[in-house]
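Visitor: Quick one: the structure is below, and I'll ask about it shortly.
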Amino acid sequence: MPYRKHREKKYEAKYREAFKVFQEEIGITFTDEKLLIQAFTHSSYVNEHRKKPHEDNERLEFLGDAVLELTVSQYLFQKYPTMSEGELTKLRAAIVCEPSLVRFANEMSFGSLVLLGKGEEMTGGRERPALLADVFEAFIGALYLDQGLETVWGYLKEVVYPKINEGAFSHVMDYKSQLQELIQRDGSGNVEYQILQEKGPAHNREFVSRVTLNNEALGLGSGKSKKEAEQQAAAEALKKLKEQS
């Protein structure tokens, strides 16, 4: 057997074993293992192995992107029933953006499984953020095709959703949403807003709002609209709670 073919067979056996271990670690066994391998196959690897029936992960990445958007949207819709469309969109964008996907991929050691061409390997492709984000999306796409939406949901429940619950994306929320999330996380009770005062002429109104937690005042705020006053009250409440913790 020529040396090159022998080396390729050894490499193939090595990565198949790696994918077997990976499936054991995540507790999911693919019905079609080719889909799993394709999710981790970069175009540079396919270009160097043209005689073999390899497919790269770009189409799976396209599908995974849509599946991620849907599942994360559904989770946020259910978790934050009072959050506005604009805030939900902003929060979802923070969760599915490249740096977040890279973080998820790194925590699962996806980089070590990627099949790369030699040139891409030599230029540090395995650590390249865009590549890792693409692989995470492709994996979600492959998981969806092989196991369906329920398994994808279960996987994200282990890998992504806990980080939302821990407040990893709170910085992109408005003050009211941040406060609501903090209270939900701590299981402290119910937050309520009251408009205490409206003053000034119609063209220049000022509103004063109070936010309470279990009927205890947490913060006061004022603004040119009820919404602005409530946001300022929530900001004061957040500051107070952070000082106490």
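Every residue gets a Cβ built from N, Cα and C, even glycine.
Source: prediction; values computed, not measured.
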Visitor: For the Mg(2+) site that Swiss-Prot lists with Asp134, Glu137, give the additional residue from the candidates Glu58, Glu61, Glu216.
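Guide: Record source Swiss-Prot; matching candidate: Glu61.
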Visitor: Same chain, outside the region 'Disordered' (218-245) by at least 6, Cβ under 8 Å from its Cβ: which residues?
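Guide: Same-chain contacts beyond the ends: 174-176, 178-179, 182, 191, 193, 195-196, 204-212.
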Visitor: Any idea what the Cα distance is from Glu137 (Mg(2+) binding site) over to Asp65 (active site), rounded to a whole Å?
Guide: 5
Visitor: Any idea what the model's mean pLDDT is for the domain 'DRBM' (174-243)?
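Guide: Summing pLDDT over the domain 'DRBM' (174-243) and dividing by its length gives 89.
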Visitor: Please spell out the DSSP helix, strand and coil residue counts for the region 'Disordered' (218-245).
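Guide: Helix (H, G, I), strand (E, B), coil: 19 helix, 6 strand, 3 coil.
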Visitor: Please work out the number of neighbouring Cβ atoms within 10 Å of the Cβ of Glu137 (Mg(2+) binding site), leaving out its own Cβ.
Guide: 26
Visitor: Between the Cα atoms of Asp65 (active site) and Asp134 (Mg(2+) binding site), what distance do you get, rounded to the nearest Å?
Guide: 9
